[in-house]
Amino acid sequence: MLIDKTNISNIRREYISGQLRHTDLTNQPIQLFSVWLHQAYFSKIPDPTAMCLATVDHTGQPYQRVVLLKNFTNKEMIFYTNLSSRKAMHLANNPKVSLCFLWNVIDRQVIITGSVDKLPEKEVLKYFYTRPKNNQISTWVSNQSKVISSKDLLENKFLEFKKNHLHKKVPFPEFWGGYKININSMEFWQGGTHRLHDRFIYQRYKHTWRIYRLSP
């Protein structure tokens, strides 16, 4: 049964999972992010490392897609992708991005802004060969973001490539790479009762962070 669109405006719930107080904050935003990611993982949230990545094309049109966080440091978020993809084309023209982690089971959201730099090939190469072999193969057979005539074409290319590399190492694709997002700001949102949510934003200032509470 399809949802009755007349009822969409009535879909809502109360957020009762907890609060975020100033005393809960850490000196570095990545410390709080690490705690929240840990809690999301152990709350059995599917794909807790999934993050919505927003980029902008040369006309100013924004695009979004979900990618997976693969590592992070005190200053950076790291992900990997096809360097011929639409997102990579955007990043070549405009390195500014925004990320959003949504962990709605525990009523939390983290929004990050920053700019990207490409990862060195040595680091990309090391990560590529930690991926399952089938995932390595799919990198070769998918010309990401390009129009294809059918799914069958893609699957046939996959099976052919897999057969040809059954007992061989998959070569490293030069068109595949990674990015580090240099964090400029990080906002933490905790859903609250009566829509009185808790929001705190960390904004980079020189070599430190300024922290502000935001109105929901």
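The backbone N, Cα and C atoms fix where each Cβ goes, glycine too.
Feature list (source: Swiss-Prot):
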type	residues	note
BINDING	R12, R13, E14, Y15, K70, Y127, R131, R195, L196, H197	substrate binding site
BINDING	65-70, 80-81, 86-87, Q109, 144-145, W189, R199	FMN binding site
Max pairwise CA distance, angstrom, over record-listed substrate binders R12, R13, E14, Y15, K70, Y127, R131, R195, L196, H197: 42
Lowest local Cβ density among R12, R65, R86, R131, R199, which the record lists as binding-site residues, within 10 Å: R12
Euclidean distance between Cα atoms of R131 (substrate binding site) and L69 (FMN binding site), Å: 14
Cα-to-Cα gap, L196 (substrate binding site) vs Q109 (FMN binding site), nearest whole Å: 15
Cβ packing number for Y80 (FMN binding site), 10 Å threshold: 20
Among E14, L69, S145, L196, the most crowded of the binding-site residues [Cβ within 10 Å]: L69
Most crowded position, judged by CB atoms within 10 A, among V67, K70 as binding-site residues: V67
